[in-house]
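Enquirer: Have a look at this one before I ask anything.
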Amino acid sequence: LPLLLEATLLRLASSSHHPFYNGFYYNHIMNDKDKGQEKVVYFNGAKLVVETSKDPIYSSNGANVTLPCHYYYEPDMEAKRKIRIKWSKLRDDYTKEQDVLVAIGKTYVAFGDFRGRAHLHQAGRREASLVVSDVRLKDDGKYRCEVIDGLEDESDVVDLRLQGIVFPYQPPHGQYRLNFHEAERVCQEQGAILATFNQLFQAWSEGLDWCNAGWLADGTVQYPIHLPRKPCGGLHLAPGIRSYGPRHRHLHRFDAFCFSSALKGEVFYLDHPAGMTLEEAKQSCQDAGAEIARVGQLYSAWKFLGLDRCDAGWLADGSVRYPIAKPRANCGPAEPGVRSFGFPSKGRFGVFCYKER
């Protein structure tokens, strides 16, 4: 029986809805002057209305979130059958929507990465809200709530936004060495994902200015500029997001813009009087019951927890960085930020460790 039910719900998610009589009726009226005009169809009955939040819903990595969705009829009436509900995620690159969940009555099936994490919240009358637990970075985006009652099929879209930070990333071997797939991988290795355009735009509106072009999640290559200058598109262009447009995902090479969200744990600094090599730094974190921090974790700790340390420390990718929330003398530029010493092949430093709470 469960397999039969899942097969039925899968067909609901992927196929068109077959019409059947739902208590209302349609009038088909042909133009009797035969001027080639198409048939006009009038619906006599109640109108189904679906509503979600007009404002974005904000969450963070590892949290639980509810995406609200309600439906009603005009004029008011009671449904005569079990309502069918479908949630899907709209893709940034405008390809086929990703199925999240489909339901008939109180029975539902979740799909893909949402299996075991998504369910319906139907506490109220005519509620079709979606609950997503253990929110992940790639859950950020727009979701469609679709309600089907017989021939009536209406939907609305809600925007889930993760509170996070965008940071530019170059690998140890230098500038413009990453194709799209390598950019995806290096962001994941740093506890992040490739940023979307909306995330980059938000970072630009908060002051991000970076002259090196980087991949975004939709396969375009862009970079944010606040202070126009000759090497960054020219002196006479207005501030904004410069775009190279879509690039070849295998052949073209750039840097990456990564997106990381709030942390489930904490980042802390360990030091040694004589400093540490990278291998010694990794072992020190393990001895402390933690792991060496990744770049995305350091940026998140700086952004959301106010981590401020004027001592350089190793990170997991072999880079040496330090976060400054309160600029001061001998700690780099006058603006807050994460300072970088690059990828030193030699040297002894402290280390930033990360530990789950």
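Quick reminder: no glycine exception, Cβ is built from N, Cα and C everywhere.
The model shown is predicted, which means the values in this text are computed figures rather than measured ones.
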Enquirer: If you check TrEMBL, which of C211, C258 bonds to C232 via a disulphide?
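Expert: Between C232 and the options C211, C258, TrEMBL records the bond with C211.
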Enquirer: Have a look around C232 (disulfide bond) and count the other CB atoms within 10 A of its CB, chains all included.
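Expert: Other Cβ atoms found within 10 Å: 19.
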Enquirer: Just to be sure I understand the packing, how many Cβ atoms besides its own are within 10 Å of the Cβ of C211 (disulfide bond)?
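Expert: Counting Cβ neighbours of C211 (disulfide bond) within 10 Å gives 14.
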Enquirer: State the mean pLDDT for the domain 'Ig-like' (46-158).
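Expert: A mean pLDDT of 91 is what the model gives the domain 'Ig-like' (46-158).
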